[in-house]
Amino acid sequence: MTHYTQLVVELTILALAIFLGIEVISKVPTLLHTPLMSGTNAIHGIVVVGAMLVAGAADPDLLTGWVGFIAMILAAANVVGGFVVTDRMLEMFKKREPQKKAEE
Amino acid sequence: MGQTTSNLFYLVTIICFILALRFLSSPTTARRGNWIGAIGMAIAIVVTLAHSGMHIGWRIPVGAAIGSVFGLVGARRVKMTAMPQMVALFNGVGGGAAALVSLSEFHNMAPEPGHLHGDVIVAVVASALIGAVSFAGSLIAFAKLQELIGGRPITYPGQKFGNGLLIAGVLAAGIAMIAGSEAQWLMVVVLVGASIFGVLFVLPIGGADMPVVISLLNAFTGLAASATGFELGSNVLIVSGALVGASGTLLTLMMGKAMNRSIGNVLFGAFGQVQAGAGAAAVEGTVRSVNAEDVAIMLAYAQNVVIVPGYGMAVAQAQHAVRELADELEKKNVNVQYAIHPVAGRMPGHMNVLLAEANVPYDALKEMDEINPEFPQTDVVLVIGANDVVNPAARNDPGSPIYGMPILNVDAAAQTIVMKRSMATGFAGIDNPLFVLPGTAMLFGDAKASVLKLVSAVKAL
């Protein structure tokens, strides 16, 4: 596949992803907008893939080595923190407890 | 692992991420969705490690360990009131990582002639620029929310002009790179300039507008990740970035709508400093003050009670006491609901999280559009630490700075009790005519102490 054919494929994917994103996100109730935000935060942690490619380069020069290392720290904090904090929040959302009636 | 195989696995990651967002449409499935997203991320990480030509060395494991510890400790320790700062910080590190990846890509590709396709260099510049703005802007947003620096807007003469000049310079450097210049210092100009721009762009924005800013920075980091995807030819980055970008953009627009302000006005208006009180009709009348015992009687003999929580409630850490009060009232067969304004709190949906933490069942939390028609049938509204979101001037005083902002129509209820520390104005510095309406009474004092007094008074009845 030539470079520009691939570019067109990528642009197609981008366009579809944007519309899909709008579709899916608009179904999220305002109740969950904070977890949505921290959840999407975790998802953009996918830059960890890019950070790994830089940090894992063979024979990096000084700049690439250090930049890759720092990018790796930032991206790892993003991924781990994002998913953990989202889980912590979502755990708290509970429905009215049915056991209340049993107590009465 | 070959390219085709790894792309196939990345597709699994993409599906996991989409499912994660899809499952967020209900609180019953949301937690599972988050796990699916985490599994997708784990797959992507393992696949990347298995890439042919990947040298794991020490940078990846050590960097991952350091970052994970920071992320884990931060995520576990953060208080729910501090969630906006936390989200801003994670936004920032994501944007920073994207910008650094671009820096290294440019550094490695530029010296080899013919290596840089036009579209790749556009992606490199975009990712570096947006990532750096997001990184620096998020750190300032964090500092503001954490109150390391003042929350009030910071303005100075020539601000807009200076910012405009700066961004023009950054763009010029970027365009030179796109035009084929391979000078490394241009990349430095883009990164440093964009970082300074990020700082200057968030500094003048007031604390009340933080929900918009955080949402916008969220969108920025998504775009930066997507651009990084174009740079590396990685579909999973393109799609994930686009999903985040769509989410951040939607939330930004929603927040703007909830405040009835254009995004441009939020970003460049330095609200809360210039307009405060300008042109708004002065509020005249007398304020009626009540004591906790009277309010307790009113609440206990009511049928429908609506609680309007504001950020003041969270600051006073009164949410657990509020929940206790609601429990006591429910024992007396009072129907208690919570009215949540879209901009209650410091980020979209923040108030729901704060109340969920206090074990308030989420089915008692009502959105503005859902609860507004119910106020005429409501006996008592309890406003705790909220001000601007219940200000009727937004509906009927065209001179008010918040005119046109959708509000909770608490003045339609039979009785409104406003719990406030003093008669000070709200975050936006605007007078509230609700306080002098005949159906309104004020209960002065610290929110938590007052609610606890109400709890014991209701119990005693």
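Note that Cβ sites are derived from N, Cα and C of the backbone, with glycine treated the same way.
Caution: TrEMBL annotation is automatic and unverified by curators.
The domain 'NADP transhydrogenase beta-like' annotation in TrEMBL covers B:7-456.
According to TrEMBL, the feature transmembrane segment maps to B:6-24 (among others). Distant neighbours of the transmembrane segment (B:6-24): 30, 32-34, 36-37, 39-41, 43-44, 47-48, 50-51, 234-236, 239-240, 243, 247; these residues of the same chain sit at least 6 beyond its ends, with a Cβ under 8 Å from one of its Cβ atoms.
What TrEMBL lists as transmembrane segment is B:33-50 (among others).
Per TrEMBL, the feature transmembrane segment maps to B:56-75 (among others).
Residues annotated as transmembrane segment in TrEMBL: B:87-108 (among others). Long-range contacts of the transmembrane segment (B:87-108) within the same chain, counting only residues at least 6 positions beyond its ends with a Cβ under 8 Å from a Cβ of the stretch, are 71, 74, 121, 123-125, 127-128, 130-139, 141-142, 145, 177, 184, 187, 191, 194, 214, 217-218, 220-221, 224-225, 227-228, 231-232, 347.
The transmembrane segment annotation in TrEMBL covers B:120-141 (among others).
If you look at the transmembrane segment (B:161-179), the same-chain residues 6 or more away from its ends with a CB under 8 A from one of its CBs are 106, 118, 121-122, 124-125, 129, 186-187, 189-190, 193-194, 196-197, 200-201. Taken from TrEMBL, the feature transmembrane segment covers B:161-179 (among others).
Sequence-distant contacts of the transmembrane segment (B:185-205), counting only residues of its own chain at least 6 positions beyond either end whose CB sits under 8 Å from a CB of the stretch, comprise 99, 103, 106-107, 125, 128-141, 144, 153-155, 159, 162-163, 166-167, 169-170, 173-174, 176-177, 213, 266-268, 270-271. Feature annotation from TrEMBL assigns transmembrane segment to B:185-205 (among others).
Cβ atoms under 8 Å from those of the transmembrane segment (B:212-230) belong to residues 84, 87-88, 91-92, 94-95, 98-99, 101-102, 119-120, 122-124, 126-127, 130-131, 133-134, 137-138, 141, 202, 205, 236-249, 251-252, 254-256, 259, 263, 266-267, 347-348 of the same chain, restricted to positions at least 6 beyond its ends. Annotation comment: TrEMBL describes B:212-230 (among others) as transmembrane segment.
Sequence-distant contacts of the transmembrane segment (B:236-255) (same chain, at least 6 residues past either end, Cβ-Cβ under 8 Å): 10-11, 13-14, 17-18, 21, 44, 211-212, 215-230, 263, 342-343, 348. Feature annotation from TrEMBL assigns transmembrane segment to B:236-255 (among others).
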